[in-house]
Amino acid sequence: MAQKTLLIITDGIGYRKDSDHNAFFHAKKPTYDLMFKTLPYSLIDTHGLSVGLPEGQMGNSEVGHMCIGAGRVLYQDLVKISLSLQNDDLKNNPAFLNTIHKSPVVHLMGLMSDGGVHSHIEHFIALALECEKSHKKVCLHLITDGRDVAPKSALTYLKQMQNICNENIQIATISGRFYAMDRDKRFERIELAYHSLMGLNHTPLSPSEYIQSQYDKNITDEFITPACFKNYYGMQDDESFIFINFRNDRAREIVSALGQKEFSGFKRQAFKKLHIATMTPYDNTFPYPVLFPKESVQNTLAEVVSQHNLTQSHIAETEKYAHVTFFINGGVETPFKNENRVLIPSPKVTTYDLKPEMSAKEVTLAVLEQMKLGTDLIIVNFANGDMVGHTGNFEASVKAVEAVDACLGEILSLAKKLDYAMLLTSDHGNCEHMKDENQNPLTNHTAGSVYCFVLGDGVRSIKNGALNNIASSVLKLMGLKAPATMDEPLF
């Protein structure tokens, strides 16, 4: 088995048993009908833990293409950190241990919610308890959310934090994210949060009383005025500080204010030394230890093909061009050796339901040209099912599927003539579920499975799997050995 190969990604076309409001089901699709009758096919998972997202969370094009190209599950920060904490890995985490052991006092700061966008309260609690096990005095600096969660939910999360408080763990300060998590260089906001960290802005109220007093002034969680509580007198030289947010953009300014000598946003108390660590990499210029470093994605599908001096072409229209280049190549912007890229402009319409065929025909012509040139691997994305599905227009989504089907017919016909192998799948679903139970349009991705079809010498059946099984399957069709980092093929 060693064939030139097509990897076709039909973006947003998923599997759904129910035919109601299912644009894929209702489309006239002779090519798909032929593939169902003549090719082995299976179902592929594209959401939740199978692609490194939290359980039940819908997949997306960025994560999907990364997973396809890497050939393995790349856990997103929220999941990666949660799994590590569940496995009790903190006790062996060098950045964490080195930071907390430099001082008897450890300051933990971060967004206090389970929104999962910037942080998670479970991470906050786990770090605090691990610090306590090491006999540290722990000062909690709580940032209230109200944006990724309900605007007046802080008291619920505060209770969870209070449940771990004792003589060694205390709530030291509080601040709305509007202040402590600014990202627009509005340093007058950061300054207020910074002052509370320094032991200024004292309130005689308890944390719960203080939050309620803010509510009484019609101030919601996002905008809670920074304050510090009794028995907290500010950070001191030589103490340790960990910022627990895993998303970096809204963490940089407050960390810069605490640790960067060249910071000039406002006048600050000068520290000789604070032992700072961050949850993930926040900025390339930061010298601080990182508890969960960015994972380097190597030996991707494109890289392996390039290592064998084979040719490849990555083709998509504008809407999905980054996905078949940057994302499928593991976050690498520069093309690999012998990698050709073809960008087809997307049509200039307000919304794609006005032109559901989008630029699929032009994309197909580029694919056919590369096949005639004998390119060893052709990766192509058809954007229609996703981009038209996002409009919520059922009739247009049916036309989008029909347009893709016609293009697939041309490609499949030439593939058989030129002895190309083919693997066809989707990065996630969308257009197979267009209305909810109340008949309102559904415009989001679906959290379900997608089809996978294979045309290849000797391939009679394929297993169910997930997107992490695609790269090794493509390499097998090409007669190439998959690297040990990749998960098993589907056949």
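In case you wondered, yes, glycine gets a Cβ from its N, Cα and C as well.
The model shown is predicted, which means the values in this text are computed figures rather than measured ones.
Here Swiss-Prot has Asp11, Asp427, His428 binding Mn(2+) 2, and the candidate from Ser61, Ser82, Ser359 in that same listed site is Ser61. Residues Asp386, His390 are recorded by Swiss-Prot as Mn(2+) 1 binders, and the candidate that the same record lists for that site, out of His314, His445, is His445.
Distance noted between the C-alpha atoms of Asn248 (substrate binding site) and His390 (Mn(2+) 1 binding site) is 28 Å. The Cα of His428 (Mn(2+) 2 binding site) lies closest to that of Asp386, out of the binding-site residues His118, Asp148, Arg183, Asp386, His390.
Within 10 Å (C-alpha to C-alpha) of Asp427 (Mn(2+) 2 binding site) lie the following recorded positions from Ser61, His118, Asp148, Arg183, Arg250, His390: Ser61. Here the binding-site residues are Arg183, Arg250, His390, His428, His445; the one with the fewest Cβ atoms within 10 Å of its Cβ is Arg183. The recorded positions close to Asp11 (Mn(2+) 2 binding site), defined as a CA atom within 10 A of its CA, are Ser61, Asp386 out of Ser61, His118, Arg183, Asp386. Other Cβ atoms within 10 Å of the Cβ of Ser61 (active site, phosphoserine intermediate) number 25 in total over all chains.
Residues listed for substrate, His118, Arg147, Asp148, Arg177, Arg183, Arg247, Asn248, Asp249, Arg250, Lys320, cover a largest CA to CA span of 33 Å.
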